[in-house]
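Worksheet for the structure shown next.
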2 protein chains.
Amino acid sequence: MPVVGMVGGGQLARMTQQAAIGLGVPLRVLAASPRDSAALVCADVRIGEHTSLADLRSFAKGCDAITFDHEHVPSAHIQALEAAGVACRPSSAALLHAQDKLVMRERLSAAGAPCPAFAPVDPRDPLAAVEAFAAEHGLPVVLKATTGGYDGKGVWILESLGADDRRLVESLSGEGLSLMVEQYVPFRRELAALVARSPYGQGAAYPVVETVQRDGICHEVLAPAPGLDEELAAEAQRLALDIAERLDLVGLLAVELFETGGSAAPGGLLVNELAMRPHNSGHWTIEGARTSQFEQHLRAVLNLPLGSTEPTARYTVMANVLGGDDPDIYPRYLHVMAHDPAVKVHFYGKEVRPGRKIGHVTALGDDLAETRERARHAADYLRWGPAMGPATKERA
Amino acid sequence: MPVVGMVGGGQLARMTQQAAIGLGVPLRVLAASPRDSAALVCADVRIGEHTSLADLRSFAKGCDAITFDHEHVPSAHIQALEAAGVACRPSSAALLHAQDKLVMRERLSAAGAPCPAFAPVDPRDPLAAVEAFAAEHGLPVVLKATTGGYDGKGVWILESLGADDRRLVESLSGEGLSLMVEQYVPFRRELAALVARSPYGQGAAYPVVETVQRDGICHEVLAPAPGLDEELAAEAQRLALDIAERLDLVGLLAVELFETGGSAAPGGLLVNELAMRPHNSGHWTIEGARTSQFEQHLRAVLNLPLGSTEPTARYTVMANVLGGDDPDIYPRYLHVMAHDPAVKVHFYGKEVRPGRKIGHVTALGDDLAETRERARHAADYLRWGPAMGPATKERA
C-alpha cells in the first residue's frame, strides 16, 4: 500500500487516521509535538516544523504522496518538494488559492466565479486604498489579512472608517501584514460546498450544507442545508467542481459561500473562502455520508476511485464542542452519552481551554429541529455542564 | 481520559483503535510484533507476549482497564493481574467461558440455556467416552478441543467411528489435547446474537444476524438475519443478555447459535460458542449500526453509558476478504472501488497469504439479494481478481 504523509498533526490528521486504518493505507504525520491531536493516535509520527524545508524534505522521504492538515506550509517549500519529485496533493499552485485570499479572489473573479468586490491594500498608503474602496462600494467594508487567518482571525469589519478603524488599518499595515479589502455582503446565511477531485479528474460532490457561525467560529453544520433551492444547491456543487477543475486541484475542496437575497426572494451565491483539505463543514460526513470526507481525501490523494457521497440519513447535524471553564470533561461526557445513546461524540485529545475546539458531536434524524436540538444539547452540555450555556439559556 | 489496554494486536484491536480515536480514549496495545495489524496503526504499542505474566504486568501499568483482542491469555495470568488490582474486563471468571468449551457447556446447561448434548472425554480412555456418547446420542458426533480452537480449528466431525475416526481420537488425546464430544446438530443456519454489558449492568443488544460459514470460516454476515421469526430473534437477544448477566460479563458477548428446525417449521435455538470481544459477526456494525461494536466494547469496558444499536440501513452485508494467490492486491482494490463507490473496504494491514483473513467489505441497501451480491463481488474480486473464484463461478 502506498504511504500518505500528512503535514500537520491537528484533528484533521487525527480523523484522517481513522479513515486510513479502514483503507489499510499507512499514514505518516508530521507533528510539531508528540502531544498533537494526531500524534497521539498515529503509529508513524515524525516530529518537525512545517515551516522548515529540511524537516519537510526528511518527512517526505518514503511517502508516496504528501498532503496537508492546514494551509500554513510556505508555498516556496512545497515548490521545492515538487521540484525534488515529491507528489504534493494539492500542488503548491493549487494550494496557493487557499493560502492567499487575494490570489484566490483574483483568480476566481477572472474565471467568472461570483465573488464580493475586493481590492488589494497598498502598504505604502493603506488608508487611501480602503477609503477609495469604501467610496466606491459603501460601508461597512471587510478588511482581511491575505494570509494566515483562520476561525475569524485575520478578518475585521470596518463600520465607519472613523478614528478607531483608521488606527486599526494603519497599525495592521504597520505590522507588515499584507491586507485586502472587500465589500461587506449582507447574506441570508452561510453555505459550504464540499467536493473531491482525483488526479484522473474524477470529481465527487457532497450535499451542500449550511454552516452556522458564532464569533467567526463554526458552531453548527446542517446537512443538507435546510430549504435550499435545488437549483441553487446544484449551482453551488457545479461551482465547487468547476473551481477544483480550473485549479487542477487534487484532494478535497471546501467552498465557503454566502447565500444572498432576502428571506422571500430566491438567493444568489458568492464565494467567501476556499479550503483544500478536510474541513469543519464536512465532519458530518463521518456518520452522515457513505464515504467520509477523510476517506474521500485519501482516495483522491492516492488517485483511487472516489467514494459515494450519498447521505445516510435525512438530516445530519454537527456541532462543534468548545472547551468550557472546567477542564474535567469526563463526567459531562457520561451525561451526554446517557442522555442520548445515538449521539456520536468525537474528541480530539486536546487539552480543554475555554473557547478552544476540542471535539464535535453528530446527530442524525428525520426531523431537523429535533436533530439540531440533540446536537446542540450535547455540545452545550459538554462545554458548560448542567448550568448549560448562554445559547441554551437564550432558547429557554 | 482513562487508558484502555488491549492484549493482542490483531485486526480487532486495529478496528478498536478507530473507535478509540473517535471517543478520545487512549488505547494501548500489547502486540507480539511491531508488524501486527494493530501495532501498525496505534501510537501506544508495547511489544510482548500474552503468555508472559511479566509482560502482562508491565503492560497493565498505567492502564485504567485491560481488555482482550483474543481468548488466548492464560486464565491464571488474568487472575494474577486481578489479584494485583488490575481491572480486567471481561474478568478471568467470565472469560473462562469463552476459553474453555467444556466449562461453558457445563455452566450454560446448568443455567438452562439450550445447548447440544455434550460430554467430557476422559484422557485415560478417550475412545470409550466417545463411543458411549455416540451410543446414546447417535452418529455423527462432534469432537472438540476444549481450548485453543478458532476458525474451525479444533473441531472434528466423526461420521462413523471407523478406523480413521478412532485413530484420530487416540492421536489427538495422545498429544495431550483436552477433548470433549458433542451431539452433531443438523441446523437450518447459523445465527449470532451480539450484546454488550457494562459494569453497572446496563445491557444493549444488536439485531440478530445470520452468519454464513465455509470450511469453518465465517464468509458472510447478513444483518439482520433475513426472515428470522421475530419471537426467535427476541429469544436470541434475551438469551445473550441473560448469559452476560449470569457470567457478570463486562464488554461484548457474541453468542454463536444454531437455528434448528426444517425449512417450514418454526426453528429453535442452540448455543454453539461464545466470544467475549468484538467478533467477526459484528463487523457490519461499523457502518450498519449507530454504534459500532468496537465503540460499544470500549464504552462497556470503561463503564460509559452504552450506545444505540439501531441499524442504519435495512440490510447490511459483511463479507470477509481472504487472501488469494496474488499478493499484489492494489490493482484489484482500485477495481472494486471503481465498480461500486458505496462498498466499504476494510484492510487489516496483513500480508496476503492464500486463505488468510486480510480484511472485510460491507455493503448496505434495501434489497438483500442485491446488497449481498455487491459484498460478495467485492470480496471475491479482491481475492481472485478478474478470474473470480469458484463461488462466483458456481453462481454463474
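Yeah, the Cβs are placed from backbone N, Cα and C, and that goes for glycine too.
Keep in mind that TrEMBL annotations are predicted by a computer and have not been checked by a curator.
As given in TrEMBL:
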- B:K101, B:K144, B:E182, B:Q183, B:Y184, B:V185, B:E190, B:N272, B:E273: ATP binding site (BINDING)
- B:105-302: domain 'ATP-grasp' (DOMAIN)
Cβ-Cβ neighbours of B:E182 (ATP binding site) (radius 10 Å): 20
DSSP three-state assignment (helix, strand or coil) for B:E190 (ATP binding site): strand
Proximal but sequence-remote residues of the same chain as B:E273 (ATP binding site) (Cβ under 8 Å, at least 6 apart): B:A98, B:K101, B:M104, B:V255, B:E256
For B:Y184 (ATP binding site), nearby residues of its own chain (Cβ under 8 Å, 6 or more apart in sequence): B:P116, B:L139, B:P140, B:V141, B:V142, B:I157
Least buried by Cβ count (within 10 Å) of the binding-site residues B:K101, B:E190: B:E190
Mean of pLDDT values spanning the domain 'ATP-grasp' (B:105-302): 93
Largest separation between Cα atoms (Å) of residues that the record links to ATP, namely B:K101, B:K144, B:E182, B:Q183, B:Y184, B:V185, B:E190, B:N272, B:E273: 18
Collapsed DSSP category at B:E273 (ATP binding site): strand
